[in-house]
Amino acid sequence: MSVAYAIGGIVLVGVISPFCQKRSYRPSVSVSRSIKPRSAPSARPLRPEPSKLLRLEHLDYTRGDHSDKIDYWDLYRRNCIEPFKPRTELDLEFQINVLLIDSGIDGDHVGIMLQIEDGIIRPWRDYTTAEDPMLIDERSDHSGSLVDEFGHGTCGADIIGMMASSAIIYSARVSKNGSKVSPKVVAKAINDAVDATEENEVSFDFIVMPLGFPENSKGLEELEAAIKRAGKLGITLIAAAGNDGNFRNPPPPACYPEVICAFSCDGNGTPSGFSPSIHLTSTEKKEFLVPGEGIECAWIEPGKCHSQERRIYKENKSKFAPTHEAHPSLFQGLGHHMNLKHMDQALPSDQNEPEEKSGYAFVSGTSFACSVLAGISIVVLERLYEVAVKKDYLSAIEEVDNARKKYLRDILSRMTRPERGAYLLNPTQITNEILSEYLTQCDS
């Protein structure tokens, strides 16, 4: 018995001892840590440099994850936006004036050129021509507002024009080639638009700002004051939530209460990783989630037609690989389950080579979600006008304008539905009866 206890004690000591003694089987390694000292306070700038335009990301349609984003946007557009548009042709008298504050618009692009000829896209102000943009006024040369060396503004204008037939887009160019933008220049553009509205030169309904600034940027006081002034006049302001990721708040001007903030997701409702997290409990009804990934739009570089290139690519690829199904969650409750193999039917059918076409690209960013939200908002007004005309043709435009000022945010909030932990806008949830209710409230 004593022998057994002795053996057990030896075993127990053998098990415990490795944990009690210093481990000497691994050679000691000396770690040298060097900490880079901060620069002297006098060498550090007190304020950050003015912000650039928000990031513009091109998507490679040959990548599977990018191709899905492109498909989801097309499905969303065809199933959630197109069915919501008015069924009757709008009167020419009904138009929505939009000021796009961006990098300009490429007037040499074939698609844009046609819209300029039709008066859909118009020059407004070019704030890049003078050393002091504050000196720019209506007498300055503004032909440069229809020039775009960066592509950002061209994309935004094309998205809005593609979605909303009543939109008249005025270009305020505040950056040349993605160069840095000052909040003071954006404030100047807003104030000029307010002045024009007050003087009945151009009555602006929307100001769209696909840009953002660090919270302590110089000139934000002037920007906030200009936005408050535009808000008091009844102009609808829309800005991008920024591309700093889920753990950051939207930057100015999107964070101001007068501004509707556009957050980005893909067309299937999955929030974008580069977009800040939307506050679902917010009572202000100013933050909305819309697609901002895989958006096809006009691009400044000629010789690129990505729809055509992608169609050819998909046709060749489909010979060797099976097609895949779209995520069904987007169309739950809508009765739509579409196979992505039908996507090619919606793409251009002509067999011209891509280099014969104007430039188009697939892009992602909250900047483009901002333009999508502007497009949806204008389509809401087009539907309101369609309903109002049936009730009273003479006062229809005035009633729609009153509804925009008072109830646009409420109407947008009624489009939201839970989707993958967020609230994706689905315009088809708004019926003529709902729109008629808002018009009735304007009369009372």
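Yeah, the Cβs are placed from backbone N, Cα and C, and that goes for glycine too.
Sequence annotations record features per position, and here TrEMBL assigns active site, charge relay system to D102 (among others). Just so you know, the Cβ of D102 (active site, charge relay system) picks up 32 other Cβ atoms within 10 Å once every protein chain is counted.
Residues or ranges marked as active site, charge relay system by TrEMBL: H152 (among others). Other C-beta atoms found within 10 angstroms of the C-beta of H152 (active site, charge relay system) number 28, with every protein chain shown included.
Its own atom aside, the Cβ of S367 (active site, charge relay system) has 34 Cβ atoms within 10 angstroms in the protein chains shown. In the three-state DSSP reading, S367 (active site, charge relay system) counts as helix. The feature active site, charge relay system is assigned by TrEMBL to S367 (among others).
Annotation comment: TrEMBL describes 98-383 as domain 'Peptidase S8/S53'.
Looking at H152 (active site, charge relay system) and D102 (active site, charge relay system), their Cα atoms lie 7 Å from each other. Annotation note: D102 (active site, charge relay system) sits in a strand segment as assigned by DSSP.
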